Amino acid sequence: MGIYLSTPKTDKFSEDGENDKLKLGLSSMQGWRANMEDAHSALLNLDNETSFFGVFDGHGGRVVAKFCAKYLHSQVLRSEAYSAGDLGTAVHRAFFRMDEMMRGQRGWRELSALGDKINKIGGMIEGLIWSPRGSDSNNGQDDWSFEEGPHSDFAGPTCGCTACVALIRNNQLVVANAGDSRCVISRAGQAYNLSRDHKPELEAERDRIVKAGGFIHMGRINGSLNLTRAIGDMEFKQNKFLPPEKQIVTANPDINVVELCDDDDFLVLACDGIWDCMSSQQLVDFIHEHIQKESSLSAVCERVLDRCLAPSTIGGEGCDNMTMVLVQFKKPITQNKKADVGEQSVKGVEEAEINAAEENGS
C-alpha cells in the first residue's frame with residue numbers, strides 16, 4: 001500500500017461542547033492518506049478555571065500523536081508551575097516531558113499498547129478527548145523512569161508529531177507550538193497567527209540544525225524530515241553533549257501569551273492538512289461565513305474539511321489527514337479595555353511572532 005488510498009475516507013469524528021465561557025466544535029478526517037496519524041485533545045474544564053485544546057499531527061507513524069493526546073495535558077496539570085499559575089512554563093515543560101516519558105520500559109509499554117489499540121480498530125478514526133483523571137493524573141508518584149524490564153534501554157520512538165496547544169484561563173490565552181500545525185485567532189474578523197511554522201528554511205532553525213551536526217537537503221532535515229521541531233523523532237536527538245533545546249530536532253515550543261478582549265471571535269487549531277489548502281485569513285473568513293448558518297461548530301469544521309479535500313491525489317494539496325478544533329468565545333469576554341494581541345510574554349520562554357495573516361501570506 002502506498003501513502004494514498006484509491007478513494008478517500010471521508011467519514012469524520014466530530015464533537016461539540018461548551019461551558020460558561022466557551023463553545024467548542026472539532027472534526028477530524030483521514031482523507032486520502034493510507035493511515036490516520038492525527039490526534040487531538042479537548043478539555044473544556046481541565047480544572048475549574050482552565051480549558052485545554054491540542055492538535056497533534058503524526059509523521060512516520062501515529063503512536064506519538066496518540067501518546068501526546070493522552071498524556072500532555074496531565075503533565076501540564078501536575079506541574080509545580082501550573083499550581084503557581086504560570087501556564088506558559090507548565091506547558092513548556094510538558095512538551096519536553098513527552099520525550100522523557102516515551103523512553104525506557106514504561107515508554108515502550110505505553111507506545112506498544114497505543115499501537116495495538118490503533119491496529120485493532122482497523123484504520124477507523126478514533127476520537128481522543130481524554131479526561132484529566134486518567135492513568136497519569138495529577139495524583140500519585142511520577143514513576144515512569146523507575147519501571148524496569150527488557151526494554152529499559154529503549155531510546156524512544158523514531159516517529160514523531162507536531163504539537164499545537166492552547167490553554168485558556170480567565171482572560172489569558174497561552175499557545176505552545178512545536179512543528180507546523182497552527183493556532184489562529186480571529187479578532188474583529190482579522191486573522192492573527194499565534195504560532196509560527198517551524199520549517200528548515202527559517203534561519204534560526206537552520207543554524208541550530210547545522211550546529212547540532214545535521215544538514216538540510218531539498219528542504220528536509222538530513223534529507224528526511226520537513227519540519228524542525230517535534231515531539232518524538234528520537235533519531236535526531238542523540239547528541240549527548242547538547243541539551244534538548246539544541247538538538248537537531250527539538251520539542252522546544254514557542255510560547256505566546258495573549259490577553260483576550262471582546263473583539264476576539266474564535267480560536268482555531270489545525271494541522272497542516274488544513275493550512276496547506278487555506279491561508280489563515282481565508283479560513284477565518286470561511287468560518288465567519290458559515291458559523292451562523294450551521295447548527296453546530298463541529299458542522300463548521302466538517303465544512304472546512306470537505307472544502308479542503310482534494311478531488312484526486314494529483315498535486316498533493318488536500319490529500320493529508322485533517323484535524324480542526326474551533327473554540328468560540330462567549331461575550332462579554334472581559335470588561336477591561338481592549339488589549340493588544342501578544343502584549344504579554346512568558347518570562348524565560350521565547351515568544352512566538354504574531355503577524356496579521358495577510359502580512360506573511362499565511
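Cβ atoms are placed via backbone N, Cα and C, with glycine included.
Taken verbatim from Swiss-Prot:
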- ASP57, GLY58: Mn(2+) 1 binding site (BINDING)
- ASP57, ASP272, ASP320: Mn(2+) 2 binding site (BINDING)
- 23-329: domain 'PPM-type phosphatase' (DOMAIN)
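Here the features listed in Swiss-Prot are painted onto the structure.
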residue: ASP57; record: Mn(2+) 1 binding site; contacts (Cβ under 8 Å, 6+ apart): GLU37, ASP38, ALA65, CYS161, THR162, GLY179, ASP180, SER181, CYS271, ASP272, GLY273, ASN321, THR323
residue: GLY58; record: Mn(2+) 1 binding site; contacts (Cβ under 8 Å, 6+ apart): GLU37, ASP38, ALA39, VAL64, ALA65, LYS66, CYS159, GLY160, CYS161
residue: ASP320; record: Mn(2+) 2 binding site; contacts (Cβ under 8 Å, 6+ apart): GLY31, TRP32, ARG33, CYS271, ASP272, GLY273, ASP276
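Within 8 Å of the centroid defined by the CB atoms of ASP57, ASP272, ASP320, the record's Mn(2+) 2 site, lie the Cβ atoms of ASP38, THR162, ASP180, SER181, CYS271, GLY273, ILE274, TRP275, ASP276, ASN321, MET322, excluding the listed residues themselves. Looking just at the domain 'PPM-type phosphatase' (23-329), the mean pLDDT is 90.
DSSP assigns ASP320 (Mn(2+) 2 binding site) to coil, not to a helix or a strand.
Just so you know, the Cβ of ASP272 (Mn(2+) 2 binding site) picks up 20 other Cβ atoms within 10 Å once every protein chain is counted.
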